[in-house]
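Copied from TrEMBL, the annotated features are:
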SIGNAL    1-24  signal peptide
DOMAIN    70-507  domain 'Amidase'
ACT_SITE  132  active site, charge relay system
ACT_SITE  207  active site, charge relay system
ACT_SITE  231  active site, acyl-ester intermediate
């Protein structure tokens, strides 16, 4: 009897894998045919300022070599050039930003502070930033694409934005998210769909997709996003930029929407998204404030003493797409680079529980005092009628996007029926956490695909909902993760990898990110030319 059941289970798994493979193959052909010839190219970059890291520009501003107003103007012009193509911006604050930049330029003419004092107190002085619309910027729209919040504006800055402003940064725009941030494609019925700068027929990811797109198109140099299942790392990967999910609890989530109650707050991390790896560290220092010392951000990393572990896939979940061979090839090049250049100890590991990542994440999230999505859909004024909304969607008259309706349905369906069932997934998580702690120790890193494939076509993610498992599990584990662009695929799309380390070892993952940028080039200009 046992043998018969074992054979049946294996047969079902094989069928599911074949179905997953066939669905991915067919959808790629169908979507490719549908979008053929519809790709729009970005205009060339017009200013050299757009090709320098924020920390370099900030140093030039402090030395009075360039003016903040000139840099802000360059980014404003770039946004105007690319916004009609990528639709990443929800609202700009150009006039206010120029006033703030002029104030900084005037201040620098009369201040008695030294360059060193300015660098210590205001490391981002005069640098324009963009902000995910789910993170409040005073006076700006704060709707997260939810029709019930249409026109709603932030009355104060979020904690993250307040810290960045104190450091001298100048917000110039807020960027698009999916409705309620509940999907990994950034579109909603209020502001439309955000496009990938490398191929506008493909998604920019989500939920920080607007940030990823505006950074990847060179219309922003640094930005801030948040991440509860990959919302920083997925769009950073799809748009060829760097994104860092900090260690749990070191950056405040105050002033964001939707708000999350404990323990969801523990799984949600606010962090930097940057075009250049060298900007991750200064941004994290600003965002972490009092926790910066806990993160050892000033500690130098010696790669000869670092141990590298890796997995090339999740172990074979049949519901998740197979890892694209080009991603595996890029990962092997990274492994080889550290082994050859630094003599690093490299070890491939097997963690069978990783194949259950999505199930663990979804079950734990839905049992964490999460407000029902049907309530969120109404702006917390009653509860949406899901059956009616699905019917309205079929006729094209719903105010909500399909992923939110599906998420609301899954929110109810996936919730464990009793505490015993919930505890099963916590035990699996604790097992995985223990295994990672033993493997990583104090100086280990784990290199893992950010996802199994490149950015999908618009709408194609609906057929690949579980692919977020590659990023989501690390929100529960709480470890720091830096997403790093490695190369460009044969389809002209960015390939990214995650660099994971032990709790509070953010300095190690960021050091690896900086090294990978030096070795493999980092961000690649999607415009392919400079005028």
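Keep in mind that glycine also has a Cβ here, set from the backbone N, Cα and C atoms.
As the structure is a computational prediction, the values presented were derived from the model and not from experiment.
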Reading the DSSP string in three states, the entry for residue 132 (active site, charge relay system) is strand
Same-chain residues at least 6 apart in sequence with Cβ under 8 Å of the Cβ of residue 231 (active site, acyl-ester intermediate), in sequence order, are 181, 184, 206, 207, 208, 225
Does residue 132 (active site, charge relay system) have same-chain partners at least 6 apart in sequence with Cβ under 8 Å from its own Cβ, and which are they? 174, 175, 177, 207, 208, 210, 211, 223, 224, 225, 226
Let me know the model's mean pLDDT on the domain 'Amidase' (70-507). 96
